[in-house]
Amino acid sequence: MDYKKTLNLPDTSFPMRGDLAKREPGWVQQWEENRVYQAIRAASKGRPLFILHDGPPYANGDIHIGHAVNKILKDIIVKSRSMAGYDAPYVPGWDCHGMPIEIQVEKKFGKNLPVTEVHAKARAYALEQLDRQRQDFKRLGVLGDWDNPYLTMNFSNEADEIRVLARILEKGYVFRGLKPVNWCFDCGSALAEAEVEYADRVDPAIDVAFPFTDKAALAGAFGLDSVDDGAIVIWTTTPWTIPSNQALNVHPEIEYALVRVSPTPVHGPLVLIAKERVEACLKTWGLEGEIIATAPGQALDGLRFAHPLARAAEGYDRTSPIYLGDYVTLDTGTGVVHSAPAYGIEDFVSCKNHGLADADILSPVMGDGKYIATLPLFGGLSIWDANPKIVEALKLAGSLMHVQKLSHSYMHCWRHKSPVIYRATSQWFAGMDVTPEGGGQTLRESALAGIEATTFYPAWGRARLQAMIANRPDWTLSRQRQWGVPMAFFVHKETGALHPRTVELLEEVAKRVEKSGIEAWQSLDPRELLGDEADSYEKNRDTLDVWFDSGSTHATVLGGKDHALHGSHGEQLAWPADLYLEGSDQHRGWFHSSLLTGCMLYGQPPYKGLLTHGFVVDGQGRKMSKSVGNVIAPQKVSDSLGAEILRLWVASTDYSGELSISDEILKRVVEGYRRIRNTLRFLLANVADFDGVNQAVPYGDLLEIDRYALVMTAQMQAEVQAHYQSYDFHPAVSRLQTFCSEDLGAFYLDILKDRLYTNAPGSHARRSAQTALLDITQTLVKLMAPILSFTAEEAWKVLADSALKHQADAARLTIFTEVYHTLPPYADADALAGRWGRLRAIRADVLRKLEDVRGEGLIGSSLQAEVDIYADGEDLALLSALGDDLRFVLIVSRATVHARAGELAIEIAPSAHKKCERCWHWRADVGQDADHPEICGRCVSNLFGAGESRAKA
């Protein structure tokens, strides 16, 4: 007789190999065809809301690995909250206006298109790009309202953004002014703080002499009767700002020195610098010198000095006053700072505080980076080309003390990677220190208070955002571009004042934009709204910063506080969002702009929590770079290993720091995935012939080890759910993997195989095991689902067609309409866990001894062994209570417990009996049944008799 055919060997349609890259697209298609996202919404109706508001990626170019990390993290959170019993809609969005798309249109169609054509082509380009990205995001297994995303260029969003502008204008935050703003010559526009990045750059660092003019006043400041000729000396890394110098700054409390130097420079024998910098500066200049007098910076206030280029050209025949400034330091330079108010924020503030009028500020640099043609010596030159010529002119004028090349960290445009300058231009701002109409906190105060009320993941994000808000300048709202939401103001042609009905007029414009898009503003004849006043006003041509676009989506998409605006998705979403989740660069980007708009509109942040993830680096910690050749594209991983592997990599990596990825790292992830899949396959295969409704054993009647397995599973589920709740995914993955490999694979399932395979198919013992296994399988598959979405859905389908075939059709459609599995509560759960925890420890000791004996060649498998255990006290009672079931726990052919005082002792010997051909146990009764001499008495009973009885295991 072929006894193998009498075993209940596991069988399942769930394949051992995932073949993920081939199978996953089929699941994506099924989810779309079955309208799974809509099914989740229907199943979740009435539950508490959880809103993760999607930070919109820019609709330009294919997604990269950073996008994949971001969307996968969001998907894990949304799915885990949904399965935890929340209604967690996910509306993806795209950022559609702005420079990069405008540049692409210019590249394709040229620079001189009419605005209407720019808009039409930009819209078409954005739609084409976001559709490519949408397909890639879907391929990652991300579920969401993909057919109805929010787009910042949707007419309703553009209209509501104009309404947001109207509200913050009405509250008094918006003003126009001349201020130095970040300016990119390639963009031809102001930049937001978030659009500036830092990179090393080499520039000439120069020490420049400003000759004495009023020597009598200078002598008085130092308590001298008179002084010789000389100069005050500054240090700068921006020679191009020297033609625009209008002041000098010293620190009021720093001690300054008059130093007689030799050999004598062109300007005379004296130099004026900070006393603490004398030694270092003289060494740099190659001069000898002695201090003849000192005075605090306070005493120098108001003294004037000649422009260093005065000898080079008449146009520089002017003087520069000293202003006191607390920001002057002694780290480098001379302790004296040159001030060009058009090109530095502190310079601007200092000069304005000392009465310099906007009209008197010298700003010879045009928007393209060239000096105006009338600037003496350097007119028409680009400032970067002018740098060496300015150095040469200073040298010829006798004003150059020293020059050297300096590599330093400098501002660059994040799009063009070209250097950025501060440039004073007339712009529209949101004032950080403006008190709103009706009183209350300033925007800065409100934002800082809002940060305190926000939960940060990880916690260090709070200090980072606080520092940025505390120190940031006013927000430059305006941009000089075409493809953007208009700052739809009517400005008086003579006075520059806004029309007195601006708030009302903005609403009229918004209504038109709602119907026709921002194009409505371009085609609007002012007479339609202003009537006879139209001749006195002109349309403002500025557009809004794209960070205002995305930063106001909490209002334009979610609908704002108390649905103050309708919001494109306001009916299914809520304000404030529970969570914003983006990369760490968004502390200065979307987190930042959203905080400011939320506080301007409603006095609070639009989010309850902020989650930050790090950037992706290679296995050696290097940034992804095409030139280095270490770029890993998510599309390639999906097409080779499967998106599931990317999802598992994201979840198993600590996202709070840098996320390392390489072929070797992904290989390890694949191995981890296989272990989980193999566990899942074993579980599914052993409940394939089980009807979870009609064949289940009541929970109170389960064998003790099965009850313990459910207690163990409940503990694991509680831990994993807690990790999901706090967004700690890598410990969740680790716990799931440990559960599969140690709790199940190395313990429970290992013990269970004998009972599952050898007991009668419908026996109580086997059905007890299957009852527990079905609960464990459902628990595991549901806990895996937020991370391993494709695999969980595949397993759920197998379960739905077998052990769960009597479930309702809605539940069988997808696992994602489910909530986490409810396991039976056991009153004696702690006692069970304690007993079996100790049994597992003893079992581990026995397994180690068995390995030693196997190593000596005395036994093959553990079933060839017989074990004697000597114990007393609680251990004796614990082991004795198992009776004959102890051998199944230890997976040996005989296990005998003996009472003996002292430490627990284990003895192992090879069995002298024959091996049963069916169960492979070595038993004394093998051969005693004449009809079936090859098998043991237990197998005879299980096959032809009443079957064995099991109580514990």
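Counting starts with 1 at the first residue shown.
Heads up, the Cβ atoms here are built off N, Cα and C, so glycines get one too.
The structure displayed is predicted, hence computed values, not measured ones.
As recorded in Swiss-Prot, the features of this protein are as follows:
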- GLU582: L-isoleucyl-5'-AMP binding site (BINDING)
- LYS626: ATP binding site (BINDING)
- CYS916, CYS919, CYS936, CYS939: Zn(2+) binding site (BINDING)
- 57-67: motif ''HIGH' region' (MOTIF)
- 623-627: motif ''KMSKS' region' (MOTIF)
Helix, strand or coil at CYS939 (Zn(2+) binding site) [DSSP, three-state]: helix
Intrachain residues whose Cβ lies under 8 Å of the motif ''KMSKS' region' (623-627), provided they are six or more past its termini: 64-65, 615-617
Sparsest-packed of the listed binding-site residues (CYS916, CYS919, CYS936, CYS939) - C-beta count within 10 angstroms: CYS919
List of residues, in chain order, with Cβ under 8 A from that of GLU582 (L-isoleucyl-5'-AMP binding site) and at least 6 apart: GLY55, ASN70, GLY589, TRP590, PHE591, LEU611, THR612, HIS613
Cβ neighbour count (within 10 Å, all chains shown) around the residue listed as 'ATP binding site': 7
Between LYS626 (ATP binding site) and CYS936 (Zn(2+) binding site): CA-CA distance (Å): 67
Residues in the motif ''KMSKS' region' (623-627) grouped by DSSP into helix, strand and remaining coil: 0 helix, 1 strand, 4 coil
Chain-mates of CYS916, CYS919, CYS936, CYS939 with C-beta within 8 Å of site centroid, Zn(2+): THR758, GLU917, ARG918, TRP920, HIS921, ARG923, VAL926, ILE935, GLY937, ARG938, VAL940
GLU582 (L-isoleucyl-5'-AMP binding site): secondary structure state under DSSP, collapsed to three categories: strand
Spatial separation of CYS939 (Zn(2+) binding site) from LYS626 (ATP binding site) - C-alpha basis, Å: 65
Per-residue pLDDT averaged over the motif ''HIGH' region' (57-67), given as an integer: 95
